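Chemist: Feature table excerpt (TrEMBL):
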- 51-176: region 'Disordered' (REGION)
- 63-73: compositional bias 'Basic and acidic residues' (COMPBIAS)
- 83-98: compositional bias 'Basic residues' (COMPBIAS)
- 99-108: compositional bias 'Basic and acidic residues' (COMPBIAS)
- 111-121: compositional bias 'Acidic residues' (COMPBIAS)
- 122-154: compositional bias 'Basic and acidic residues' (COMPBIAS)
Amino acid sequence: SGGFMDMFGMMNDMIGNMEHMAAGGNCQTFSSSTVISYSNTGDGAPKVYQETSEMRSAPGGIRETRRTVRDSDSGLEQMSIGHHIRDRAHILQRSRNHRTGDQEERQDYINLDESEAAAFDDEWRRETSRYRQQRPLEFRRHEASVGGGRRAEGPPRLAIQGPEDSPSRQSRRYDW
């Protein structure tokens with residue numbers, strides 16, 4: 001009947017479509033979550049707890065997981081990065097405690113032997129190189145040579161020019 005009910009229905013449809021696409025295995029996904037807790041009772045330094053978790057996936061069962069934790073109360077800082085290909089994984093975890101000075105580095109292997117780690121890392125790099133993020137369009141200076149090899153100064157231009165950037169067309173640009 002309209003209103004919020006339609007909006008919630010559309011959101012449910014959208015989430016269902018996204019889950020269907022991800023389950024099909026022919027797409028890349030990224031998810032991230034962060035939790036931050038801050039308390040200050042006035043007696044001493046404030047207490048901060050922060051935890052972040054990220055996951056990127058690509059077709060073929062390729063995943064990268066990242067997790068960080070910072071706890072000012074206990075002094076713990078911890079980071080882990082996992083590289084996964086289907087049911088195999090290599091996970092590196094580092095932690096340190098600022099209060100005690102303890103440091104630890106641990107590597108976990110899932111469905112791998114430690115002797116296979118280097119070959120697995122090479123395979124993971126090879127597989128992910130196909131899906132590296134393309135660099136976004138950037139503004140570039142006009143690089144035509146002028147006179148003694150100097151660059152021509154002028155307004156920045158996009159890497160790909162649209163018709164409005166054509167020198168034969170005057171466009172109005174407003175700086176607000």
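Keep in mind that glycine also has a Cβ here, set from the backbone N, Cα and C atoms.
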Chemist: Sort out the residues at least 6 away from either end of the compositional bias 'Acidic residues' (111-121), same chain, that have Cβ-Cβ distances under 8 Å to it, and list them.
Modeler: 83, 85, 87-90
Chemist: Can you tell me how the residues of the compositional bias 'Basic and acidic residues' (63-73) break down into helix, strand and coil by DSSP?
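Modeler: Split into helix, strand and coil, the compositional bias 'Basic and acidic residues' (63-73) gives 0 helix, 9 strand, 2 coil.
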Chemist: Please list the DSSP helix, strand and coil residue counts for the compositional bias 'Acidic residues' (111-121).
Modeler: 8 helix, 0 strand, 3 coil
